[in-house]
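Listed in TrEMBL for this protein:
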type	residues	note
REGION	B:1-20	region 'Disordered'
COMPBIAS	B:1-11	compositional bias 'Polar residues'
DOMAIN	B:32-536	domain 'Cytochrome oxidase subunit I profile'
TRANSMEM	B:44-65	transmembrane segment
TRANSMEM	B:85-106	transmembrane segment
TRANSMEM	B:127-150	transmembrane segment
TRANSMEM	B:170-195	transmembrane segment
TRANSMEM	B:207-234	transmembrane segment
TRANSMEM	B:267-286	transmembrane segment
TRANSMEM	B:293-314	transmembrane segment
TRANSMEM	B:326-347	transmembrane segment
TRANSMEM	B:359-383	transmembrane segment
TRANSMEM	B:395-420	transmembrane segment
TRANSMEM	B:432-456	transmembrane segment
TRANSMEM	B:476-496	transmembrane segment
Amino acid sequence: MNTPTDRQTQHQQANKKLVGRLVLIVAAMFGFGFAMVPLYDVFCDITGLNGKTNSEAVSTVAVDADLSRQVRVQFVTHNAKGVAWPFQSSLPSIKVHPGVMTQVEFVVENPTNRPVIAQAIPSVSPGLGAQYLRKLECFCFNQQPLAPGERKVMPMQFYIAPDMPNDIGTLTLAYTLYDISNRGDQPANAQTAAP
Amino acid sequence: MTSMTEQNDIAAQQHDETNEHHHYAPKGIMRWLLTTNHKDIGTLYLIFAFTMFLVGGAMAMVIRAELFQPGLQLVDPNFFNQMTTVHGLIMVFGAVMPAFTGLANWMIPMMIGAPDMALPRMNNWSFWILPFAFAILLGSLFMEGGGPAFGWTFYAPLSTTYSSDSTALFVFSVHIMGISSIMGAINVIVTIVNLRAPDMSWMKLPLFVWTWLITAFLLIAVMPVLAGVVTMVLTDKYFGTSFFDAAGGGDPVMFQHIFWFFGHPEVYIMILPSFGIVSAIIPAFARKPLFGYASMVYATASIAGLSFIVWAHHMFTTGMPLFGELFFMYCTMLIAVPTGVKVFNWVATMWRGAMTFEVPMLFALAFVVLFTIGGFSGLMLAITPVDFQYHDTYFVVAHFHYVLVTGAIFSIYAAAYYWLPKWTGHMFNEFWAKMHFWCSLVSVNVLFFPMHFLGLAGMPRRIPDYALQFADVNQIVSIGGFAFGLSQLLFVVVVVKAARGGEKAAAKPWEGAEGLEWTVPSPAPYHTFETPPAVK
């Protein structure tokens, strides 16, 4: 027979079970919030959606140059807030054939009287074009220590993948320069800094 | 097998226990601090929510006073930003959500024939941590450097690199609010799943119960994500992580993705229970059963499901690729289908009904019309190409105030007037209640409707100053704002009068009302349905 106390304990057991499951969902969703961070990076790496370029040098593979068309690549440089170091590319823009290796120089200067560490963060517009801009060498792969007053010429080598869709005629590669001298942590890109 | 005598003994013993409990029930403040009674906790939630509504409303008055004229006259821009931020946080987490939880506490056990919520002690906790959360949040306003000033959406890097030193307090208060709503949601789910009266099958549940069940699932799915994202803000600001800092390999746009993955379901958390309320009130005063009950349930569930795949419509201008824009645009527009089903069902319920226009019905009708206006401006915002013009303008402000003030808050008023006789045992003063309704209705439209035009003309949101050509319309808007703010004080008058006395309310004061809550006397006794009722 179901006495009221029996019913109560039954209820309590059922409640406990359900609460347990719901707490699991809560914990899983809390984890999911953090899992979105690597998921986002992986998703953007694969699709190039947010204009991130490769953070490690691509291995040189022979690619056939596509001499039938030219793509304009524009170079934009910004300083992050609080950074007042002259930072420029040697060229505002360049026209290249897809598949042809090109080198561009960027110049940065430390006008202060203290040693600093700079980190450039690249971003490509339109975002979908980012995955076709392949860099063999970039100063943005490494942290750039600058002695007081030092002027540094930094090379950047890239080619445009020939399979880039024809509707992308211009790529804008923007670099933002950050002062990371006082940061305790290592930026994600620094792992690849081994020479 | 238990013999009859034993059963009787147990019943008698239990009866004694309840009596004993009554004897030792604490009085005064301790009664409220220690209570595990769903009706007490519901009342606490409702009073707290209304208090916060007035506090957040006072901040809105500061905003509208500053915007009465172009130029800076009353407050400095940093304080203005704190007002817009804390106004939003308080209204979302302090007013609308606790008000719905209060209604759930009061009504869900009575609607499903349960004696109380399933987890009464946790219920006490989930309420009593809330005042601390808001004390911390409001306290941060008085700290050096001010409180949060980055908008209720706390986008990085505004909330990390550029925020004031009190940001940790903001983060902890959001954590506490989140824990409170998660506990509340778990309680609602367990109550509905386990404590329904034996004959209360799923498709007999009142729609308020259904919509709250779905809302509770949304809450336990997204509040943890909010807790995660505020934690990331905390560690980015104070512990040197780089979740959202490009210099350290993070991405500030990712903040927006995580935030809006929480944020979009959150806006449905604030409207689904309204759908349930209106679906209870319109049939009662049209004296017809709700049209399309099953379709209402499925529409609610589909709105909740879709809410997880539309978040990036808040981010059309972040430079998303075309495919992403199209995907989020079409998914967003798809939400109009189940919402349309609901609106048409309400209209069909009224069709050829014997309608009367008591105050709950007036608020419910205003809800249907004005929420639909908010829904339409939402559709306009969903169109990606035009969103580039509307983004971050007063058009957006008009849109979400139509769905949250004339949507969520009007439905809460409708619910309060509908169930006030059940709560207090007295009929409210109809004249002052109608005054409250008509003053609110007129002023709320004077307040928010012209904002559409301001937005279309290009006035950006969240700024303390504006170009001269917006001056006239802003004055009208501010006057509407002050009138709306004052009108809400009438509600205090009505509720206090009804709580103190007035015409005795019958068990079922509304002729056409349906549901178990009307089978118990008014005011509802402290303990109801200790034995499960029979359900038709």
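Here the Cβ of each residue, glycine as well, is placed from N, Cα and C on the backbone.
The list of residues near the transmembrane segment (B:476-496) in space but at least 6 beyond its ends in sequence, with Cβ under 8 angstroms from a Cβ of it, reads 50, 53-54, 57-58, 60-61, 64-65, 67-68, 413, 416, 420, 428-429, 432-433, 435-436, 439-440, 442-448, 450-451, 454. Packing against the transmembrane segment (B:359-383) from elsewhere in the chain are residues 271, 274, 277-278, 281-282, 284-285, 313, 329, 332-333, 336, 339, 343, 346-347, 390, 395-396, 398-404, 406-407, 410-411, 413-415, 417-418, 428, 430, 433-434, 436-437, 441, 444-445, 452, 510: each is 6 or more residues past its ends and has a CB under 8 Å from a CB in it. Looking just at the domain 'Cytochrome oxidase subunit I profile' (B:32-536), the mean pLDDT is 95.
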